[in-house]
Amino acid sequence: MTHDYIVKSLAFDGEIRAYAALTTESVQEAQTRHYTWPTASAAMGRTMTATLLMGSMLKGEQKLTVTVDGKGPIGRIIADADAEGNVRAYVDKPQTHFPLNEQGKLDVRRAVGTDGSIQVVKDVGMKDYFSGASPIVSGELGEDFTYYFATSEQTPSSVGLGVLVNPDNSIKAAGGFIIQVMPGAKDETVTKLENAINNMQPVSKLIEQGLTPEGILNEILGEDNVQILETMQAQFECNCSHEKFLNAIKGLGEAEIQDMIKEDHGAEAICHFCGNKYNYSEAELEDLLASMNA
């Protein structure tokens, strides 16, 4: 099986910037950890793919967090990614599933809802943050991220996201693309791009047919027009740790920690993103209190 990866490219002599990714393994890892049902898997997987692609636009140690909250039954979908191809995600209600929609597809819109927003927070280093948001206009997520780029980042873009789920709940295929029009692009280039996107098959179908990220970009933009700049590995990766959660406990304050010692004789923390559990003994919490008062 081909491992997940991202492709960055230019097209039409630099007038178009394009990114594509295969994310089947990463979405499968998240599905296994959270035991998501098919509709939730599709919504989470689409959000993960978009977040991963947006992360690949960052540099160095920059990272971003995306929160999708359409006020639907699934609750919030939260994903974060960095510039190195690492992504992780979770959903509030992982066991969300509905009958297929009228098109015979997983009903992501019904799960996500259409009465909320996409929020993006980019950590660009030096304690500097960029924050943007846009309303959810579709609930299918591809159109919603397209709208986010147009309104919040003023970048005309097309975002395609797809997840296919097997009858046993495992992930059959996942991936997507973000294609962006660069400033100064000719009208005829934009028209060609619009026509190509309007006539293409759904991205999940392209992946199911075995198309690689390069193949997806060639299919949309035309093989002669695509210039591959870089490929990078992608994976589900959680950076949680015993120490990070201990710092989070410290942030709760002395009174709360005293309660944990007296009433619970310790503490347990569970990472939302990966499900890992961290246990803290009474002695550890007492040492933490002592260090806070030192």
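Note that Cβ sites are derived from N, Cα and C of the backbone, with glycine treated the same way.
Cβ neighbours of CYS240 (disulfide bond) (same chain, under 8 Å, six or more residues apart in sequence): CYS271, PHE273, CYS274, ASN276, TYR278. The DSSP secondary structure for CYS240 (disulfide bond) is coil. Residues annotated as disulfide bond in Swiss-Prot, with sequence analysis given as evidence: CYS238-CYS240 (among others).
The disulfide bond annotation in Swiss-Prot covers CYS271-CYS274 (among others). In the three-state DSSP reading, CYS274 (disulfide bond) counts as coil.
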(request) Using a 10 Å cut-off, grab the number of neighbouring Cβ atoms around the Cβ of CYS238 (disulfide bond), all chains included. (result) 20
(request) Would you count the other CB atoms within 10 A of the CB of CYS271 (disulfide bond), including those on all shown protein chains? (result) 18
(request) Provide the number of Cβ atoms within 10 Å of the Cβ of CYS274 (disulfide bond), excluding the reference atom itself. (result) 18
